[in-house]
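S.K.: The following block contains the structure, expressed as structure tokens.
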Amino acid sequence: MIVKRLNPDALKNALQKIGPEKIAQDRMHQKGVSFVFEIQHLPLSATLILKQEAISVGGDFATPRDCILAKEPFYDGVLIASAKQLERLIVKCHSQPFGLKHLAQELKSHLKAPKPNTPQIMAVLNLTPDSFYEKSRFDSKKALEEIYQWLEKGITLIDIGAASSRPESEIIDPKIEQDRLKEILLEIKSQKLYQCAKFSIDTYHATTAQMALEHYFSILNDVSGFNSAEMLEVAKDYKPTCILMHTQKTPKDMQENVFYHNLFDEMDRFFKEKLEVLEKYVLQDIILDIGFGFAKLKEHNLALIKHLSHFLKFKKPLLVGASRKNTIGLITGREVQDRLAGTLSLHLMALQNGASVLRVHDIDEHIDLIKVFKSLEETD
């Protein structure tokens, strides 16, 4: 059984995909819902029970037209319910067999998901000669100028990396990475810039992470997903905020033969397992990064933005970094330097669907984006 929470805006398409009678589709769509879930591979008995229980609380469970004939052992469906209806349905399912108790627990995690935090900008600073976006590449002098400008603009999160993680990039020697960082780290520590903003180190090397944390960085952004025991030990010693990003393989080969049986189910398992590991190391201040563009195709990236609220069930802030990435180019046909509009479109929808942190290259435009977004949120 696989459960994926859908954006309510996707209800019409989800109903058409399942294929109930047209008159039933129209009736279900008119109910006006707070929660929509796509439930896959549900046993027949559970399907029939869930249908009746959902209707009994005022919701509905859309099933394929031939489900009533009970020809198949498993069925997919779309669950539609308001928050109140879902609360009552969870109680009913909790005492039922055929896997419905597990379903109730899964639904409850979504019902209890917290509202997103006030959105924040995480500015990207790359001390690399090969970052995919040329204007984000800085030497130490230019990088320091940029940091001071960002601080004047009120930026409170700054992510600094000295090794490219773009697709097909090679893993570099940590000594090269650390040499690129040295001057920046000294300035941040000596001038106490860490009192003005939180600095994040973007690295997959434990020794580089330790070096940055010793210089008062307070966020560890490990793009390998905390795969190494060494990185976990460093995190345990310094207790930074940890950014846990979903990916597969390494930057060099992550876009080769990308395949998921079910993207959301596999990401759920990934985050659950990794969060358990981090908890064992007494690390609880965690931000989840969906890994937009990391081991994902265009359709994966777009689905993650559209149904981002699915991951709110983990009760962690969600980070999205779609800034100028290839998916935008595939849609618009534009090169990286001309992808600002596409970036803003994706990031606005990410905020609407639960993102708390946007990792961005274009600071001024995103400051304006968040101002407008917050104004809309506050408007009656």
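Placement of Cβ uses the backbone N, Cα and C atoms for every residue, glycine included.
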S.K.: Quick check: of Asp265, Asp268, Asp285, Asp289, which does Swiss-Prot put in the same (7,8-dihydropterin-6-yl)methyl diphosphate site as Asp202, Asn221, Lys325, Arg359, Val360, His361?
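M.R.: Answer, per Swiss-Prot ((7,8-dihydropterin-6-yl)methyl diphosphate site with Asp202, Asn221, Lys325, Arg359, Val360, His361), from Asp265, Asp268, Asp285, Asp289: Asp289.
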S.K.: If we count other C-beta atoms within 10 Å, could you say which of the binding-site residues Lys325, Arg359, His361 has the fewest?
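M.R.: With the binding-site residues Lys325, Arg359, His361, fewest surrounding Cβ atoms within 10 Å: His361.
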S.K.: Looking at Cβ-Cβ distances, which residues of the chain lie under 8 angstroms from Val360 ((7,8-dihydropterin-6-yl)methyl diphosphate binding site) while being 6 or more apart from it?
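M.R.: Result: Ile121, Met122, Ala123, Val124, Gly321, Ser323, Thr343, His347, His366.
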S.K.: Between Asp202 ((7,8-dihydropterin-6-yl)methyl diphosphate binding site) and Asn126 (Mg(2+) binding site), what is the CA-CA distance rounded to a whole number of Å?
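M.R.: Checking the Cα atoms of Asp202 ((7,8-dihydropterin-6-yl)methyl diphosphate binding site) and Asn126 (Mg(2+) binding site) gives a distance of 9 Å.
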S.K.: Look up Lys325 ((7,8-dihydropterin-6-yl)methyl diphosphate binding site) in the DSSP assignment and reduce it to helix, strand or coil.
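M.R.: Where Lys325 ((7,8-dihydropterin-6-yl)methyl diphosphate binding site) sits, the three-state DSSP reduction gives coil.
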